[in-house]
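Chemist: There's a structure below that I have some questions on.
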Amino acid sequence: MAIKTLSAKNSAALDKDLMSVGAFSIDQLMELAGLSVSQAVYRTHPPSRGRRILVACGPGNNGGDGLVAARHLWHYGYKPTIYYPKQSKNDLYQRLSTQLKNLNIPFTDDFSTAVKETDHIIDAIFGFSFSGEVREPFPAVIRALEETRIPVTSVDAPSSWNIEEGPPKDGPGAKFNPEVLVSLTAPKPLVKYFKGRHFVGGRFVSPDIQKKYDLWLPEYEGIDQIVEVGNDGQKL
């Protein structure tokens, strides 16, 4: 049985409901998303496998999730480096960046060099709302993600993928399939094209919202913010 997924249209509507009916702020949702991503990285790439983590952040909410994840990973004992070439002027993103700078976490403009000096990469460039062409400076970054042998964890969607149709037919991202995917809130249709380890994260959905969107949600254990699932949606 195929895993039940959440469409692009419903993903956007659900986010609005979380912030209206659900009374969550964008700060809260981003914090919970980033925490989920950090736990997935810890689960799949414990510090014993290398502490250097390169976090590639886009200009939107997906990038914000990456900034939050980097902060948590620093507190777990990792050594994050941030690639954030199109930094948002929004106050929330500015505060998230300042929090990292206060921890002396380095920012880099040289992605190709940073890839050679890391043990794991977090792809927090584009999320479920991405569509169209990959714009500069990200084509070269996504090609590097395709070509590297360093394990990559993607946040909600492998960057350049269409939420419904998966990887592009050609161009940057056509051959990109990361080792780990963290689906936030609920899996999106693109998961049927994904071949790696799949986690669902985002332990904040109320029963009413789950019912409204007919969501499939895993059972979280203990203090975990993530659950690893198979292609059939069964917990691993």
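For all residues, glycine too, the Cβ spot is worked out from N, Cα and C.
This is the feature table in TrEMBL:
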DOMAIN    11-217  domain 'YjeF N-terminal'
BINDING   ASN61, ASN62, GLY63, GLY64, ASP65, GLY127, PHE128, SER129, PHE130, SER131, GLY132, GLU133, ASP156  (6S)-NADPHX binding site
BINDING   ASN62, ASP123, SER159  K(+) binding site
Chemist: List, in sequence order, the residues of the same chain other than ASN62, ASP123, SER159 whose Cβ lies within 8 Å of the centroid of the Cβ atoms of the recorded K(+) site.
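Modeler: Neighbours found: ALA56, GLY58, GLY63, GLY66, ALA124, ILE125, PHE126, GLY127, SER154, VAL155, ASP156, ALA157, PRO158.
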Chemist: Measure from the CA atom of GLY63 ((6S)-NADPHX binding site) to the CA atom of ASP123 (K(+) binding site) and give the result in Å, rounded to a whole number.
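Modeler: It is 9 Å, counting Cα to Cα.
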Chemist: Could you tell me which of these binding-site residues, ASN61, SER159, has the fewest other Cβ atoms within 10 Å of its Cβ?
Modeler: ASN61
Chemist: Greatest CA-CA distance (Å) over the residues ASN61, ASN62, GLY63, GLY64, ASP65, GLY127, PHE128, SER129, PHE130, SER131, GLY132, GLU133, ASP156 that the record ties to (6S)-NADPHX?
Modeler: 22
Chemist: Work through the binding-site residues one by one (GLY63, GLY132) and point out the residue whose CB has the fewest other CB atoms within 10 angstroms.
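Modeler: Relative to the other binding-site residues in GLY63, GLY132, GLY132 has the fewest Cβ atoms within 10 Å.
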Chemist: Determine the mean pLDDT over the domain 'YjeF N-terminal' (11-217), rounding to the nearest whole number.
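Modeler: Averaging the confidence scores along the domain 'YjeF N-terminal' (11-217) gives 95.
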Chemist: Among the binding-site residues listed here (PHE128, PHE130), identify the one with the smallest other-Cβ count within 10 Å.
Modeler: PHE130
Chemist: Pop the Cα-Cα gap between SER159 (K(+) binding site) and ASP65 ((6S)-NADPHX binding site) into the table, whole Å please.
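Modeler: Spelling it out, the Cα of ASP65 ((6S)-NADPHX binding site) and the Cα of SER159 (K(+) binding site) are 14 Å apart.
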Chemist: Between the Cα atoms of ASN61 ((6S)-NADPHX binding site) and SER159 (K(+) binding site), what distance do you get, rounded to the nearest Å?
Modeler: 13
Chemist: Across all chains shown, how many C-beta atoms besides its own are within 10 angstroms of the C-beta of ASP65 ((6S)-NADPHX binding site)?
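Modeler: A count of 32.
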